[in-house]
Amino acid sequence: MFTLDETNRPTLSAGGQIEQIGLSPKLVARDADGTVLLRRDWENNTSLDHAALLKELFDWGVDHLGDREVIAIGHRVVHGGTRFAAPCLIDAEVLHALDDLCSLAPLHQPHNLAGIRAVNAIAPDLPQIACFDTAFHHDRAAVATRFAIPRALHEQGIRRYGFHGLSYEYIARRLREIDPAMAEGRVIVAHLGNGASLCGIREGRSVDTTMGFTALDGLMMGTRSGAIDPGVILHFQTALGMSAAEVEDLLYKRSGLLGVSGISSDMRALAASNAVEAEEAIELFAWRAAREAGGLMSSLEGLDGLVFTAGIGENNAGIRTRICQRLAWTGLVLDEAANIRGEAIISAPESAVTVRIIRTDEERMIALHTIRVLG
Ligand code: ADP
């Protein structure tokens, strides 16, 4: 929740999450300093749906804002397909078009749209703005969007879209403010959280990214496999007799750091473990990230800067070290002391690649888009 000053600049008023919808819902809101303003737990309450929980949040938000008026709600929508290249005001026709994209992101898009419908029911006249995770990648060269499959399927939308766009857009914007020279160059942003991807950005625009048709592609993640030989999936189905639902569950929820370590999907837990399997999972995570970075360097035709962001990228010095060591052949020299301290610039002065840590802020990006669309 953001409030606007007289120049329409957003200031964070409260942030939080609603989690475990359909199981034991939890709602938490904190102020900008992290102090908890609201915490509600509904133990084993499976009947509270998106609409009921959003009503709780909305009523609290209105109360929290006091005499300030709610002027709009911005939503993160995972998929904008080929049509939505920029954030837009949601009307019935747009909502219908977004419904049609649910088959492209069945695990995320329906939940995004449920939130929009819930607000429609609570406050039908309130403007709602959709901000897409795919939009930042919309204008890449056609070659970066194609799979080598029959072209009719490409025309049907089976193509590489890319995700985490709001995070990449925020980082590109922030780079322009703090390091205009680097922002004009060839930069890889490593968004390393539970979901993880890399994006090659040149002059502030996405050139190539590791996620493709779905958010399953590319890097190894907390519970997702990342890119995998498609023949393995055929083998699961034909030789092992797995159903599509079982393959989906395996690749989205039981693979990645969790699958390889057998211990946890959480990088902190693996870093704290002495198990050989934890070390193997961490090493594979770093190896895959460096390998994909090498691919993006080819798309970018070189590299001037590397930015680490999201939970692991911002906080885990060990992972940053491993990835940077594997990229030493590019002339990248890490300043290990600065890295351990988590400073803004963690490369040595003589490094051919400037390495930065930048805290991502997708919510602020949504707020900025929402203000702009409202005009
Ligand atoms: P999501 O994709 O769900 O937004 P996050 O960006 O929160 O994920 O990243 C979650 C990952 O970041 C976990 O693996 C977690 O261990 C790691 N992480 C988050 N905060 C820290 C921290 N303070 N120190 C080390 N690791 C952290």
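Using the three backbone atoms N, Cα and C, a Cβ is placed for every residue, glycine included.
What TrEMBL says about this protein:
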- Asp133: active site, proton donor/acceptor (ACT_SITE)
- Arg76: substrate binding site (BINDING)
- His191, Leu192, Gly193, Asn194, Gly195, Asp266, Met267, Arg268, Gly311, Ile312, Gly313, Glu314, Asn315: ATP binding site (BINDING)
- Glu362: Mg(2+) binding site (BINDING)
- His164: site 'Transition state stabilizer' (SITE)
- Arg224: site 'Transition state stabilizer' (SITE)
Item checked: Recorded ATP site residues His191, Leu192, Gly193, Asn194, Gly195, Asp266, Met267, Arg268, Gly311, Ile312, Gly313, Glu314, Asn315, farthest C-alpha pair in Å -> 16
Margin query: Validating a neighbour-count step here. Other CB atoms within 10 A of the CB of His164 (site 'Transition state stabilizer'): how many?
Written below: 30
Checklist line | Length of the line joining the Cα atoms of Gly311 (ATP binding site) and the residue listed as 'active site, proton donor/acceptor', in Å | finding: 18
Margin query: I'd like to know which of the binding-site residues listed (Arg76, His191, Gly193, Met267, Asn315, Glu362) lie near ligand 1, counting only a CB under 6 Å away.
Written below: Gly193, Met267, Asn315
Notebook entry, point to check: Rounded to an integer, what is the Cα-Cα distance in Å between Arg224 (site 'Transition state stabilizer') and Gly195 (ATP binding site)?
Noted result: 8
Margin query: Please give me the CB contact count at 10 A for Met267 (ATP binding site), counting all chains in the structure.
Written below: 24
Next item on the list: Between Asn315 (ATP binding site) and Glu362 (Mg(2+) binding site), find the distance joining the two CA atoms and give it rounded to the nearest Å.
Entry: 17
Notebook entry, point to check: Counting only other Cβ atoms and using a 10 Å cut-off, which of the recorded positions Arg76, His191, Arg224 scores lowest?
Noted result: Arg76
